[in-house]
Amino acid sequence: MGFEGDDDGGVLLANGFSMKVSEDEVKLDEGDIQEAESSLREGLSLNYEEARALLGRLEYQRGNVEAALRVFDGIDLQAAIQRLQPVLSEKPSSKRNRSRTESAHSVSQHAASLVLEAIYLKSMSLHKLGKAAEAAQECKSVLDAVEKIFQHGIPDAMVDAKLQETVSKAVELLPELWKQAGHNQEALYCYRRALLSHWHLDDECCIRIQKKFVVLLLYGGVEAAPPSLAVQTDGAFVPKNNLEEAILLLMMLLRKWYLGKTQWDPLVMEHFTFALSLAGQTSVLARQFEEILPGIYPRSDRWFRLALCYHGAGQNETALNLLRIYLNKRECPNDLPALLFAAKICSEDSPLASEGVEYARRAVANAHGVNKHLRGMGLRYLGICLGKLAKIALSDQERSCHQVEALKSLDEAIAHESQNPDLLFDLGFEYAEQYNSNAALRFAKEFIDATGGSISKGWTLLTLVLSAQRRYLEAEVVIDAAIEQTAKWEQGPLLRIKAKLKAAQSLPMDAVEAYRLLLALVQAQRKSFGSLRSTYQVEEDKINEFKVWQGLANLYSSLSHWRDAEICLEKAKMLKSFSAATLHAEGFMHEARGETQEASASYFDALSIDLGHTHSKVSLASLLWKRGSKALPVARTFLSDALRVEPTNRMAWYYLGMVHRDDRRSLPGLVSLPFCVKMGLSFTKLFSRLFAKREMRILMVGLDAAGKTTILYKLKLGEIVTTIPTIGFNVETVEYKNISFTVWDVGGQDKIRPLWRHYFQNTQGLIFVVDSNDRDRVVEARDELHRMLNEDELRDAVLLVFANKQDLPNAMNAAEITDKLGLHSLRQRHWYIQSTCATSGEGLYEGLDWLSNNIANKA
């Protein structure tokens, strides 16, 4: 059964009969449909639905979509199903009756094909008219009808070609219609139905459906539930989420290409790269690139892609070897992305820093023309590599030169990429490495402001700098605020720093509690991600857990809890059998027990694993010093080597002085002892305050736009600075009348106010800044003030209210603000209100005078 025709007319064929029609006859009005239908039924021996199907098909192929839709509307699909179902749903009969059954099936398949094609064309007509949801419903009815008519599935043999074509088109069209209608969940279900049901789709159709399904899973923005239990097979892999299902489909597509069932499609590999990268399975991706036949990718391109994969899998050595081949002078020696990539890998490892400097300089030299914008990135990696190179320099002069060049490169990089916050972090880190804590603190705060406090490494750097300055309480406030704003799975490094801060403040049980939380987090994270975890991620988690056990062992050793320390060390050894840090901790434990031989053996074992382990060198040198004069030269060698790697190690300086004191053969010994002891003490107090000034901790808060940051920098710098809304905090030290005020300026936006409580601890004075011109929010300011004053940690803090912006014409005076804030009700607290103007500085120092006098009197 079919239709053949041209512009002048056509021939209708059905059930072995033919009928010629002209163009005028096929253009039907509403009133002529029944008459035309009757003619077709008589001329071709058709029933009602078949006649309508032929008429509608004619109209559709002539482009008369609306007329075709009117014809199709008259087809009763359910009635057609009921007539066709008894014949086509029968199982194949015996051989004796097979010919008669096949004849009946052939006729019925023609009829089914005609009716189902009509409903499919009805769906297409609705689609062309922009009615996607209605079109999807009609298309779905086609597939539902097929399942009802062919209850035992479409037969493998003697299937009407037109029927199979209609079914294939409907299966492929249905999910696309649901997507256009905005029903992505329905589209997901239809894709699965298409791939899991027995529609006898050809390979090309199945491949097209799989590709479109992958795109929806990866980029559709809808989370797919696992397939229903009805379609799951025992022992079969069942994907748990979109990513796993997309990866499974992409692997099937690649396998079909390997078997020669389809042509190579680069988009399949692009989707596969995206999916596996998102899942952290780049090692699997590397194997796929290695298995692709030669000629698909140029060999240099393959090397670069493989290097990216191995780097993502944590195999930096393999990645760098591939890049070395790629950057060979016979291949692509000046490829800028590859040079930057190689410099990045080298910047992560001090022994490779020298090679990284070469790559970075070549990248900078090639960053011109259209690639000029990458010059800043090359300078960044150059600065980082020079900083790493400085740490392993053999002489002080070489170290100093590398450090100066590193800062110069990073400063120049910022000139090219002023909007790159990572450069602020790198500069802060480099300044911290060079023990310039003030500059490091400034860049750490700038990084936090630039990123809105959303990246934990900024908080980590700020905490480490503050702890290096022995400002442990402030560092703890910062780390608590960071933990509050950081996602659960990213809190590990922050909790570890918090534990070390507690230990530095001689709060061992608090440190143990922090380690306990960190250990629970690491173990929970290890169990949560299942098949999405790569080998690199598993190893990284082992390292994180190892560090937790290692820290706990050191903590218990300092408390002389030897049994607990031994258990923790055993746990650490199970995760990492050969570790210099673990052996050093073991040696420290033996030394504390007086077991010097065992301690020496552990220290030597640590150095056999890592020759650069400074702590083991210093500890071994201390044991050698205690043995007497014969071992002093060896001890001095160990200490000198330790100081070459870590020039600010105070214990190394101390023991070096003691060695010089006891070594009578050394003429400079009498001079060296006070010098070395002085150096050790100097580095112990390197970041502590040098002047005998009273220190006061002041917290300055208020609603947003009250002028807090302007006040802070007016006091600090004596000038007006351009400010933006504070995200997080600013902290500065203000010197005034032999008093050092550490002033914390905390952001006042709604979402930040819940974090104020992290800054309350050890606060001696509270400055509350009010915008005197903001009458609409003075009640809100009062509520926030009284909510704070009810906190136990601020019970003893004195209160200074700055009635700011008094220079504005409609500003409320101090008396009016006092009433509106309800200050007279604070009978158990010292408070004072001072009219101020932040831009001119008026009233600021008068407020500081009152604050310092009252805090001093309370002390």
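Just so it is clear, glycine is given a Cβ too, placed from its N, Cα and C backbone atoms.
A quick note: this is a predicted structure, and the numbers were derived from the prediction, not measured.
As annotated by TrEMBL, GTP binding site applies to Gly702, Leu703, Asp704, Ala705, Ala706, Gly707, Lys708, Thr709, Gly748, Asn804, Lys805, Gln806, Asp807. The Mg(2+) binding site annotation in TrEMBL covers Thr709, Thr726.
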Statement: DSSP says Gly702 (GTP binding site), in three-state terms, is strand
Task: Measuring Cα to Cα, tell me the gap between Thr709 (Mg(2+) binding site) and Gly702 (GTP binding site) in whole angstrom.
output: 10
- prompt: Gly702, Lys708: which of these binding-site residues has the sparsest Cβ neighbourhood within 10 Å?
  reply: Gly702
Field: Other C-beta atoms that fall within 10 angstroms of the C-beta of Asp704 (GTP binding site)
entry: 15
